[in-house]
Amino acid sequence: MIVKAKFVKGFIRDVHPYGCRREVLNQIDYCKKAIGFRGPKKVLIVGASSGFGLATRISVAFGGPEAHTIGVSYETGATDRRIGTAGWYNNIFFKEFAKKKGLVAKNFIEDAFSNETKDKVIKYIKDEFGKIDLFVYSLAAPRRKDYKTGNVYTSRIKTILGDFEGPTIDVERDEITLKKVSSASIEEIEETRKVMGGEDWQEWCEELLYEDCFSDKATTIAYSYIGSPRTYKIYREGTIGIAKKDLEDKAKLINEKLNRVIGGRAFVSVNKALVTKASAYIPTFPLYAAILYKVMKEKNIHENCIMQIERMFSEKIYSNEKIQFDDKGRLRMDDLELRKDVQDEVDRIWSNITPENFKELSDYKGYKKEFMNLNGFDLDGVDYSKDLDIELLRKLEP
């Protein structure tokens with residue numbers, strides 16, 4: 001079977017398993033060449049299979065600390081109808097490379113929102129793994145089941161200050177389109193907060209603390225985004241922004257309790273605009289990111305996920321310097337993105353963008369390549385003309 005990238009309504013339907021393997025290896029290779037850092041030895045990542053979560057796992061394992069890791073993610077393998085999800089293979093191949101290095105890489109393919117999953121992870125920590133030094137919450141999910149009430153909540157990417165129409169990029173057709181987004185209802189805002197806010201992160205921390213699974217002075221981090229005013233209406237001032245504000249509010253509560261009980265700390269890291277499975281489908285964001293990529297690459301300050309996370313650990317969290325937070329207690333890894341010279345140039349290009357010239361004025365080529373890489377396509381060193389053995393792939397277990 002030969003696997004090619006097939007688009008369905010702007011999504012890439014299939015994945016290339018060995019392209020995913022190459023992408024994991026590329027990130028590992030970057031970490032091996034980076035300056036490195038001394039950091040946590042035992043790490044739990046919820047949302048570990050792609051984007052910032054995967055980069056976090058790779059960084060702590062191969063970027064210096066040689067950490068043992070637990071990853072929680074909800075993914076599917078090969079079936080008669082589909083070859084599986086990218087995260088499924090990212091988990092498999094991360095584990096392969098970690099084991100070669102003598103590291104524990106335990107995967108839980110479970111619903112992170114469920115109490116049963118939390119119980120399984122905690123039991124493993126207490127029985128086999130040992131107390132964790134770092135807990136990273138990097139979950140991006142479309143739905144959440146509240147196992148206490150049985151209610152199922154669905155997140156929506158909507159505005160809250162009236163309807164919105166803005167340009168976005170259709171990577172299937174390589175063109176700019178206008179995307180209309182309606183204003184959210186009170187119920188939709190609350191459901192999005194339930195799914196993408198800090199409630200589940202807080203529940204994880206409460207359970208881990210109650211069961212004595214944190215080491216002394218342990219750290220927990222959740223990832224967020226603020227971005228440019230160009231994306232405010234759909235992001236920071238939209239349903240997602242309300243959820244992220246909740247995440248930041250929960251960080252303060254978690255931090256107070258961890259600090260009091262174990263001398264630990266909790267905070268949100270505000271990261272830069274990058275192509276991830278979550279961000280690629282936010283209206284306006286793809287065009288903004290493509291322009292930003294061009295500007296930051298020209299200034300030699302562009303970072304992809306693994307570069308950003310490696311810098312976060314080596315220069316901010318586990319450096320010899322005291323961590324600098326903003327006035328709301330957040331770590332600002334979007335510092336380079338929001339530099340005045342960067343944003344001024346982004347604004348200049350944005351004002352001149354048209355459907356005819358956007359490929360020339362932005363780094364659309366680089367943006368699309370990263371988008372394709374998410375599912376294992378368009379990577380150097382992968383033979384995409386080679387038949388894949390589906391039966392062999394079915395035998396692979398994360």
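Placement of Cβ uses the backbone N, Cα and C atoms for every residue, glycine included.
Keep in mind it's a predicted model, so treat the numbers as computed, not measured.
As recorded in Swiss-Prot:
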BINDING   47-52, 74-75, 111-112, 139-140, LYS244, 274-276  NAD(+) binding site
SITE      GLU75  site 'Plays an important role in discriminating NADH against NADPH'
BINDING   TYR225  substrate binding site
ACT_SITE  TYR235  active site, proton donor
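Closest in space to GLY47 (NAD(+) binding site), of the recorded positions given as GLU75, TYR225, TYR235, is GLU75, taking the CA atom of each residue. Note on GLY51 (NAD(+) binding site): other Cβ atoms within 10 Å of its Cβ, all shown chains, come to 24. In terms of local Cβ density within 10 Å, GLU75 ranks first among the recorded positions GLU75, ASP111.
Counting in whole angstrom, SER49 (NAD(+) binding site) lies 8 from GLU75 (site 'Plays an important role in discriminating NADH against NADPH') by their C-alpha atoms.
Relative to ASP111 (NAD(+) binding site), the recorded positions with Cα atoms inside 10 Å are GLU75, the candidates having been GLU75, TYR225, TYR235.
A C-beta separation below 8 Å, combined with a sequence spacing of at least six in one chain, links the residue listed as 'active site, proton donor' to TYR225, GLY227, GLY241, ILE282, PHE285. Non-local neighbourhood of LYS244 (NAD(+) binding site): MET196, GLY197, SER224, TYR225, ILE226, ARG236, each in the same chain, at least six residues away, with C-beta under 8 Å from its C-beta. Cβ packing within 10 Å was compared across the binding-site residues TYR74, VAL275, and the lowest neighbour count falls to TYR74.
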